[in-house]
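Below is one structure, written out as structure tokens, with a few remarks after it.
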Amino acid sequence: MLEFPLINDTSRKIIHIDMDAFFAQVEMRDDPSLKDKPVIIGNDPRKTGGRGVVSTCNYEARKYGVHSAMSSKEAYERCPNAVFISGNYSHYREVGMQIREIFKCYTDLVEPMSIDEAYLDVTTNKLGIKSAVKVAKLIQYDIWQELHLTCSAGVSYNKFIAKLASDFQKPAGLTVVLPEEAQDFLEKLPIEKFHGVGKKSVERLHDMDIYTGADLLKISEITLIDRFGRFGFDLFRKARGISNSPVKPNRVRKSIGSERTYGKLLYSEDDIKAELTKNAKQVAESAQKAKKVGRIIVIKVRYSDFSTLTKRMTLDKSTQDFDTIDRISHSIFDQLEENSSGVRLLGVTLTGLEDQEGRQLDLDDLA
């Protein structure tokens, strides 16, 4: 078997900034009466006949087991005292741009992964600060002082570990993983904490008696490649803290969609839902093939009178998973006003895209 040298560039200084429960936090900032209350961004199921899905929620709501992509009905059952807010996504985008302007005060090497998180390469920065930890603290301070919002930061020598570190202490945390600490940090992590390892992959790894980073470290490269395909090559290196992917400031944002026009109009809900599922499947397959993930799902419906409706849902985390895209598409459709006209066109689109590599590849996608 052809072997590749394990080259680990530990000279860089990478920060990953992740806003804490961003949408909910913006709402709480703008409305002080929400302080200490469980806040859910999603339609109130009491007003929609039980329809709707959770986009995100604050940490108070998470104590009740509420999480993104959960049905609003289940979220209400778990936390009946929660405040449901439909969400003002244009406002969230405006705040997100304000955060990016703060990043640009320190470096132009900023790679936005979504509206509320980004990688920054501060190896060399505009203020000439040698300490990446100091830069991270200053960014957290600036975001709080200027926008009254908190974020968590991870600091390390590559994007993979910086991302893991930012999740380690939330909210408002700062975790630093130095090159000499990386191996110990990774070995102690449960395998499900490795970004991109989905539920099915966790089961498959558990079947191999892999429960932690330390367990993963024991598995040979050829075994991982044989079991997980080309991602095994990457996973072998990630277990050793090796990931030399650069911070890419000029990322091309596109959308992936599937639309179908029907010569014979669709009237029955079963037929419409079946066609939505076909579109969702096409979008998921295209996203996986293009190695893209997205966190905004849009559906488009055109009726027999050529009137057209579009509605979108922004998720807490990016996805390319068919089940998620399908479920959210159906939930969005259920929120549309009832229309007795026949359906002439249906479309599903995944947008707010990012590279699958940046999100950390899902083993399920590549095995």
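Just so you know, glycine gets a Cβ as well, placed from its N, Cα and C.
Marked as domain 'UmuC' by Swiss-Prot: 14-198.
Taken from Swiss-Prot, the feature Mg(2+) binding site applies to ASP18, ASP116, supported by sequence analysis. Its Cβ taken as reference, ASP18 (Mg(2+) binding site) is surrounded by 22 other Cβ atoms within 10 Å in the chains shown.
Taking all protein chains in view, 28 other C-beta atoms sit within 10 angstroms of the C-beta of PHE23 (site 'Substrate discrimination'). For PHE23, the entry in Swiss-Prot reads site 'Substrate discrimination'.
For GLU117 (active site), the Cβ neighbour count at a 10 Å cut-off comes to 22, with all displayed protein chains included. Sequence annotations record features per position, and here Swiss-Prot assigns active site to GLU117 based on sequence analysis.
Mean model confidence of the domain 'UmuC' (14-198) amounts to 95 (pLDDT, 0 to 100 scale). Its Cβ taken as reference, ASP116 (Mg(2+) binding site) is surrounded by 24 other Cβ atoms within 10 Å in the chains shown.
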